[in-house]
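See below for the structure under consideration.
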Amino acid sequence: MAAAAAIAASKGNGGGGGRAGAGEASSSRRKKGPGPLATAYLVIYNVVMTAGWLVIAVGLVRAYLAKGSYHSLYYSIEKPLKFFQTGALLEILHCAIGIVPSSVVLTSFQVMSRVFLIWAVTHSVKEVQSEDSVLLFVIAWTITEIIRYSFYTFSLLNHLPYLIKWARYTLFIVLYPMGVSGELLTIYAALPFVRQAGLYSISLPNKYNFSFDYYAFLILIMISYIPLFPQLYFHMIHQRRKILSHTEEHKKFE
């Protein structure tokens with residue numbers, strides 16, 4: 001899942017979160033950016049999403065202070081996490097109608113990968129919700145998304161603080177491996193429960209003469225991280241050097 005999100009930084013539109021961002025439209029394609037109404041909508045959307053992920057961050061901190069433990073903090077932010085991560089599906093629509101200049105296919109893959117992990121794994125396999133690995137990817141996602149949506153908002157307003165830009169193209173160095181580790185460990189923890197319950201699996205014989213093994217499907221997803229993670233991670237490193245060095249050069253000329 002996070003492997004897909006990694007492309008975000010490489011495209012200049014989505015640090016660890018990975019989606020084609022609303023804000024990049026104004027910075028990377030100023031001449032063909034969204035119109036006034038679309039820009040206003042995208043600003044509101046990104047402000048709301050930033051606020052939503054801030055709510056999740058505050059919820060995690062408050063739950064930790066109240067419990068005095070980081071175990072099972074997922075339950076304290078389960079509803080807002082599901083709501084705002086699912087809300088990212090709108091980013092596919094943004095690409096489809098052309099107000100954000102990014103690939104619909106790529107954005108769909110990136111968004112759906114996270115939605116899949118939230119609903120088809122964490123929500124569907126209740127036993128993994130108390131795993132520390134869930135907290136690992138939730139923290140990584142939360143920090144990433146606060147930075148990402150803030151970046152988009154300020155970019156749309158043509159007033160991007162360097163600190164936010166730096167954070168967007170730097171913190172992924174830690175957050176991306178952290179998120180990937182949490183996702184993989186969560187899927188791995190779900191495997192025995194999926195196999196035991198036959199979750200989402202279809203066995204033969206049936207009238208459609210079709211079978212599907214969800215357990216094997218999850219294993220294939222885990223294996224897909226092996227070629228994707230290093231390739232995307234080092235590509236992001238390359239993009240970081242390119243973008244931040246360009247910023248430094250621009251500052252010198254100013």
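Backbone N, Cα and C atoms are what each Cβ position is placed from, and that goes for glycine too.
Automatic, uncurated: that is what TrEMBL annotation is.
Looking at 86-109, 110-133, the range tied to transmembrane segment in TrEMBL is 86-109. Of the candidate ranges 86-109, 169-194, 214-234, 86-109 has the most C-beta pairs within less than 8 angstroms of the transmembrane segment (38-65).
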